[in-house]
Amino acid sequence: MGVEVCVKAAVGHPDTLGDCPFSQRVLLTLEEKKVPYEMKLIDVQNKPDWFLKISPEGKVPVFNGGDGKWIPDSDVITQVIEEKYPTPSLVTPPEYASVGSKIFSCFTTFLKSKDPNDGSEKALLTELQALEEHLKAHGPFINGQNISAADLSLAPKLYHLQVALEHFKGWKIPEDLTNVHAYTEALFSRESFIKTKAAKEHLIAGWAPKVNA
């Protein structure tokens, strides 16, 4: 039995890769390590019984490294992949592991915000500015010249941020954050990212119910 990973299918399109950034993080890790895998698309609105048996909470992604044991949680899965397939190393030094870690929660708060004066935009800008300063000092990636786990965690989240905020709020990352722009361009142009990203329309469809709630 080979490596298998269950990931979210697109909303309304069960045969198309969906918009889960945590699923994409696992796929990116496998792609960057050149690990062959079988991808199983899960319709999260109509979860099959076999999937609920291996993931009782119904969450994606879940990963099977070939031993029949299914593992949930992208943090745990990517660590298991790193240990099982150590080359090339994607280890991020502990002091850099949390770089950009607050961006996604700030993005979702701002995206759902109906009050322009609630501080959610400022909070997101503060986190993006912190990423800018880190990349300016240590870039082009979080750990310098080589891509690492922290980048593969952040890349799908920045993609969601870029697509969703422009669509729903007409908002873009400020142009003066030049290192952040160079960073997203470097990440989004990688073969691994192009292969594993959701189409923009599926990403927008995934966020629409949350934005309009």
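All residue numbers here begin at 1 and follow the chain in the order shown.
For all residues, glycine too, the Cβ spot is worked out from N, Cα and C.
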Recorded glutathione site member, picked from Lys8, Lys172, Lys195, that accompanies Asp19, Lys47, Val60, Ser74, His160, Trp207 in Swiss-Prot:
Lys8
Taking the Cα of His160 (glutathione binding site) as the centre, which of the recorded positions listed as Lys8, Asp19, Cys20, Lys210 lie within 10 Å of it?
Asp19, Cys20
Given the L-ascorbate site residues Lys8, Asp19, Lys210, which other residues of that chain have a Cβ within 8 Å of the mean position of their Cβ atoms, reported in sequence order?
Val11, Gly18, Cys20, Leu203, Gly206, Trp207
For Lys8 (L-ascorbate binding site): DSSP state (helix, strand, coil):
strand
